[in-house]
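S.K.: Handing you this structure, nothing more for now.
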């Protein structure tokens, strides 16, 4: 292809020798033991030889006890090398038969036990679940934890088809990031169990390997969409996600055919550390989305858009995660613009610039298209509402609080070769800086021209992984007639520059200005004046405007004093906010004001909400306040074993930053 650039040959977060041999298919078999918190497992691989010099296969592994390795049906010797860096885990090296040639096929089988400490898994006792009746276990593998559930080439540069066979207690349902291939059967070796079967026929990277076993029931949203939850919340979820088919159709109208067949969803317990995970055929979701008014379902739009940007076209390494999340966020907001109007899309974009959240070449694309889809779904006038909202709520605090403006991880394209832990590098940079860049390109080149290129990009790279150089070569080849305009834009500054984006787009700020004026009233008021602020303004705000209002209060140049917050809570009826985004920002405003009355609410919030977007900043504020630090440490150590392993690890990073661990 004339647009080709140098492909990725090494992933700094993986030991995989994927330029010599690759994994075409994995057949994964697990037998779950809740009593031992282990899984007896067998993985069968079909390998393709890519070079005549291939002598071994190098896999990533951790938290797995390897029992036996077979190559082409014969037991083979293997080596487990010590970690180069702790986050990478171990290197499993298996010698291959001599004399292999390009195009040869090799069959590999590994028998092993997944250990209780696996970073991929969260084991939950019945009392930790929503209904508190049955145990639950689920996987979460992004970015590099698939190696803790199966020895694999744990890099997004490698894609494989997957077969699943999972044995679990008869009382439980097993769900997969795949399509059920046949009904469950009694496990003859373990009669108390049933075996569930599924197939993922579209090649996927290892981070999308996913399954769970728990007490789940379902409700159909449409012929191709079903939501799964624990029994007590199924009707609530059916209502909350009733518009998902409409969202998917809007995404298809922009991005093309949805090729995955099913777009099912499952709601996990509160400990799930993210808002959602785009596992194909089975999106994992946080219960914090169940606000009762569908005000947070744009996150489902985001995960649906990943069906194109991320799951079909994938970043080659986590250094290029903007290609996934930036595009998805952009098209999410395009759909919002279609639903509610373009000012709302701009509003959400601006609000991203100022709170913090944590994230990856996939992520910039995903974030961009998420907002395109939001724009389409809710009207172009509302797309900009989203853009403004996220500019102010996410980007500013990520750059200035999570990192600093000169930090290397504030660049869209990063170098992880020295300090390469993609979990530590994870931030909203990939999402928000990525989508701002794509929004800028849309305005420069024109939306129709941009979409024409995007369709070609998806067609050319479906089933493949690429880096930023490859993306850039493809993009510039298509827009060769716009070379002068693109040179003036200075792509290098956008892609590799540190800190905030070089330029803030010109958004429609009409909806955001109403929020700013109202926040100014409260920030400039004393307690007596606060008693006379018009509450009908707040009551007439839509959900996004209320979120923006709380964000502006939290980040206002004048700290809203605690006595004013007391009046605000009483007059605006903020004692019980059902929207978790509003609750989170309101709590942060209270902690910033050192408002003692907010402390119990903040403590209860982090105990209940495992989603890192919310829990990590609140933990940080509580740990930074002398009067709450001791009690917060006690709380963290009490609930640590109930947290998702990744959530506990990320919270520990906050303790380490403050010298508390």
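Glycine is no exception: its Cβ is also placed from the backbone N, Cα and C atoms.
Just so you know, TrEMBL annotations never went through curation; they're auto-generated.
According to TrEMBL, the protein has these features:
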BINDING   302, 306, 325  Zn(2+) binding site
ACT_SITE  303  active site, proton acceptor
ACT_SITE  431  active site, proton donor
DOMAIN    510-655  domain 'Peptidase M1 leukotriene A4 hydrolase/aminopeptidase C-terminal'
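Would you situate these features in the structure and describe their surroundings?
M.R.: Secondary structure at residue 325 (Zn(2+) binding site), as computed by DSSP, is helix.
Sequence-distant contacts (6 or more apart, same chain, Cβ under 8 Å) of residue 303 (active site, proton acceptor) comprise 276, 277, 278, 283, 285.
If you draw a 10 Å sphere around the CB of residue 431 (active site, proton donor), it holds 35 other CB atoms from the protein chains shown.
Mean predicted confidence for the domain 'Peptidase M1 leukotriene A4 hydrolase/aminopeptidase C-terminal' (510-655): the pLDDT average there is 95.
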S.K.: Show me the subset of 302, 306, 325 whose Cα is within 10 Å of residue 431 (active site, proton donor); these are the binding-site residues I mean.
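M.R.: The binding-site residues passing the 10 Å Cα test are 325.
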S.K.: Going by DSSP, is residue 306 (Zn(2+) binding site) sitting in a helix, a strand, or coil?
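M.R.: In the DSSP reduction, residue 306 (Zn(2+) binding site) maps to coil.
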